[in-house]
Every structure is written in structure tokens, then in C-alpha cells.
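One structure below.
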Amino acid sequence: SGCGTFAFLSSAVAAVSGLLMGYELGLISGALLQMSRSLALSCKEQEVVVSSLLFGALFASLTGGFLIDRFGRRLAIITASSLLVLGSLILLPYESYEVLIVGRIAIGVSISLSSIATCVYIAEIAPQHRRGLLVSLNELMIVIGILFAYISNYAFASISHGWKYMFGLVIPLGALQAIAMYFLPPSPRFLVMKNNDEAARKVLERLRETSDAIKELTVIKSSLKDEHQYSFLDLFRSKNNMRARMLVGLTLVFFVQTTGQPNILFYASTVLKSVGFQSNEAASLASTGVGVVKVVSTVPATFFVDQVGSKTFLCIGSSIMTVSLVIMGLVNRNIHVNFTKVCRSQSPEDFFLQRPGNFTVTNGSLKDLFASMASTERLSFDVQSPDVARTGELNRTALAGGKSTTGSHMESGEVPAVLKWLSLASLLVYVAAFSIGLGPMSWLVLSEIFPGGIRGRAMALTSSMNWGINLLISLTFLTVTELIGLSWVCFIYTIMSLASLAFVIVFIPETKGCSLEQISMELAK
């Protein structure tokens, strides 16, 4: 069977979900810089804003598999696009922390549901010899969406309420996708599941541009019979080594998250601002480089994986990540961010005026000023430092006179250019390494190590763990960074990258050149 134009077009329209997902994941990096100031968000509230999307995504990953199997892949994508439009519309007219959370949760449900449905839909309409390329199209669209988000962050960084424009940009595209999907055919596999063989045959003939799709229809019906031999509980039994396979899959997803990439994605602009890119525009422009690197790195990984092998890419990626994180950690140890308050680097008065009444301001020393907060805020700084004392004087002036100071005062001393650019360079290398290794290859391995009869449910379980750990890490990143500093966070990620390298070498099979049936037979031994 050939890959007809209609099959490619249908896959491309479905893959727009990947573009929307990437945009929403990358958007918060720059939007957070503006929202935290205009809504006076505390560190914990910033974490909740970022993590509310992940909460919605986790919920959808737990229930999405059932919805997709019950109502169909195409309808799930239409529903997800509509929900994205609704969630974005909720955010535009209001400036409220609570409304922001509700809108972000709706968007989280949308992108999680669409990510599962899109991969299944494309895999089921694609011909066998083009399935890898067409499914990978979704992954490529995700990183392109992230790049567009970072460009949007930069474009609206200096515009008043620019974050609303950022959120609003996806509305037309989401609506267009929902309309376009309505005119595309359902998955032929789903039609067979619903005992509608004749409709499935017509869809296959249209997708393959052939007048005889009986052979492929027979294969689909045969494979669906095989899928009933496994139950969900078989994932946790020793039958065919399924428990070990499940542990390999869950551990791989664990390393995808604990090597730190989600936080770089969500907090890129905030972190870059803290290491010397002082304005919102500079931080957003620097983080745009992160998006470019993700796209450029993902393209060769997508096209050469069949020749090089996923295990090789995973080893290369984890090794380079380890080296770049060590450099990043060492550089950040030599960059002294005042108060180590990464999340409050927008302006010093925000630090004191987040929640009136929380702090007692006196005319005493800077040490006295922080005494009431010692039990809850562990800040690391030298109270005798003239730079810090000068910043403290600025803060007290702002508090006493009600004058507004700008974000440029946050850095009492200019960060050396060589450290600033070395920090950015090591960050970009780290992102590139993830984008050729753990980023795309983990999901390829997960789609290969489970037998077809239970692959969907196994992927849903690993997806739930993926969003769950992502939620936990993103919800605590700024808090942990306050407690131990950015450099030690980098060193923790270094240890996790080394552990992931060892795990890949020992436990991940090389699947290059093997059919799914061969892989399953080997892993069952």
C-alpha cells in the first residue's frame, strides 16, 4: 500500500495538535515573567500556575484512554481542540489568579487528550512503511510549537498585558483544526472495533488510493482478535515478562522528567533572567534560542533513528547532558543572584510587596528585615555585602516612599559577560542532547517494547506517570531552587543523567532493524 496524499494530509491536520501542545508548554516560560508582576504572584503561586496545566494533563491521561476507545480518535481530537479554544478564551477577559488556574487546567486536559488521540489516530491511518515518519511528525510539530511559543514570548515581552496576546494566538488555529478534523475520516481500526467493516473498507480505499483494501482490512480484524488475550492486570504479572517491561517503561519515563528538561521548558526565561539576561526581552530572546535548538536537534534524530538506533541516541544524549549540566552548575556557582530568588527576579519591590502584611519592615539592618521570615524563607546571602546592603536600601526606599523601581535593579552588580554566555551555551547544549536522546527516543522505545494487544493501555499508564512526575517536579522547582540554589539543582540533574545513561546501557534493548513482533518475542524470554 502506498502513502496517498489524503493519508499524509490527514496526518498533518491531526499533527496540528502537536503544534498546539508545544506552544502551550513553551508559552508559560515568557508569560510567567509578565503575569507574576501584573498579578503579584508569589513563588508558590507561580509554581501553581505552571503546574495547573500539568494537573489537567494528568487527569486527562488517566481518563483519556477510555474516552478515545469509546467515542473514537477523531472525535477526541475535535473535543480537545474545542477545549483548548475554550480554555484560552477564559483567560483573556479576566486578570485573576483563580481564573488563570481554571483556564490552564482546561488547556492541560486538552493537550493531554489530544496527544494520546493524535498518536493513535495517525498510527492507525498510516501505511506500515510510513508509520514511523508520520507518527514522528507529531513530535516534530511539538518542538516547532515550543519554538513559536518562545518567539511569541519575545514579540510580546515589552507590550502591556502581552501574556494575553500570547494565550490568544492559539484560538484561531485550534478552531480551524476542530473544523478540519470534522471533514476527515474516522480511524479504520476504530470502525472495525465498532463492527462497521464496510465503512472501514471505504476509508482504507480512500487513504491508500486503491480500489482493493480487503487484505489490509483482514489484517486489522485479525490483530484486533489478538488484543483480547491481554488484560490490564497482565502489565503487572510475570506472563511474557510483562512486569519487567512495564518497569523498564516507567523507569524510562521517570528519567525523562527527573533529568530536569520540563523545568528548563517552563522556567527558561526566569532562569536566564536570574543569570544575567536582565530584561524580559533579553531573557525571552535567549530562551528563543532554546526553541531553535530543540527543533534543529529533533530533525536529525527523527530522520536517522532507523539507521543509528534509539539506544545509541539515548546513550549519546544522556552523556552530553551530564557534561553540560556539570558546566551549568559550576557557572551558576559563580553567579551570585541576590537572595537566590530566581522566581522574584522581576523587581525587588515585588519581593517585599507580594502579600501585604506578610513582612514587618523596620528601619533596622537588612538582617533584621529578614528575621521574621527565617523559619519559612531560607535565603543565602552575605549581610555584610555592600552590594546586597545597597539593594536593601533601594527596597526600603521603595517601601517607604511608594516609588516603583525597575527590574534592572535586581542585579546589584553586572554578571560577567563570559559567565552569562557560558551559562546560555551550556543550557543550549543540554537542550540539544535531550532533543536527540530522551526526548523523542523514549516514546519510540515505549511504543516498541509492549505487545500490540496491550500497547494502548501500557502507553496510557506510562503517560500518566509522565504527567504526574512532571507535575510534582514543576510544582517544587522554584521552592527547591530557593532552598539549595540553582547550581545544586543542576548537580542533582547531573546525577540523574548519569543514572539514566547506566539504565539505558543495562536495560534498554537495541531495536534497530527489528519488527515489533521480533522485539516482543525477544523481550518475552
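Cβ atoms here come from the backbone N, Cα and C positions, even for glycine.
The feature domain 'Major facilitator superfamily (MFS) profile' is assigned by TrEMBL to 10-512. Sequence annotations record features per position, and here TrEMBL assigns transmembrane segment to 7-28, 48-68, 75-94, 100-123, 135-157, 163-184, 247-270, 282-305, 312-331, 421-446, 458-480, 486-508.
Taking pairs at least six residues apart, the transmembrane segment (282-305) and the transmembrane segment (421-446) share three or more Cβ pairs below 8 Å and count as touching. 75-94 is the stretch from 75-94, 135-157, 312-331, 458-480, 486-508 with the greatest number of Cβ pairs below 8 Å to the transmembrane segment (163-184).
Of the Cβ pairs linking the transmembrane segment (458-480) with the transmembrane segment (75-94) and spaced 6 or more residues apart, fewer than 3 are under 8 Å, so the two regions do not touch.
The stretch from 7-28, 48-68, 100-123, 135-157, 312-331 that makes the most Cβ contacts under 8 Å with the transmembrane segment (75-94) is 100-123. Highest Cβ pair count under 8 Å relative to the transmembrane segment (100-123), across stretches 7-28, 48-68, 135-157, 312-331, 421-446: 48-68.
Only pairs six or more apart in sequence are counted, and the transmembrane segment (7-28) with the transmembrane segment (421-446) gives fewer than three Cβ pairs under 8 Å, not enough to call it a contact. Sequence-remote contacts of a segment are chain residues at least 6 beyond its ends whose Cβ falls under 8 Å from one of its Cβ atoms, and for the transmembrane segment (312-331) they are 259-260, 275, 301, 305, 419, 422-423, 426-427, 429-430, 432-442, 445, 487-488, 490-491, 493-494, 497-498, 500-501, 504-505, 508, 510, 512. Residues 136, 139, 143, 249, 252-253, 255-256, 259, 261, 264, 268, 271-272, 275-277, 286, 289-290, 293-294, 296-298, 300-302, 305, 310, 313-321, 323-325, 327-328, 331-332, 335, 458-459, 462, 500, 508, 511 of the same chain lie 6 or more positions beyond the ends of the transmembrane segment (421-446) yet place their CB under 8 Å from a CB of it. Listed as Cβ neighbours of the transmembrane segment (135-157) (distance under 8 Å, sequence separation of 6 or more from its ends, same chain) are residues 11-12, 14-27, 29-31, 33-34, 115, 118-119, 122-123, 126, 163, 165-166, 169, 265, 268-269, 279-281, 283-285, 287-288, 290-292, 294-295, 298-299, 302, 435, 439-440, 443, 447.
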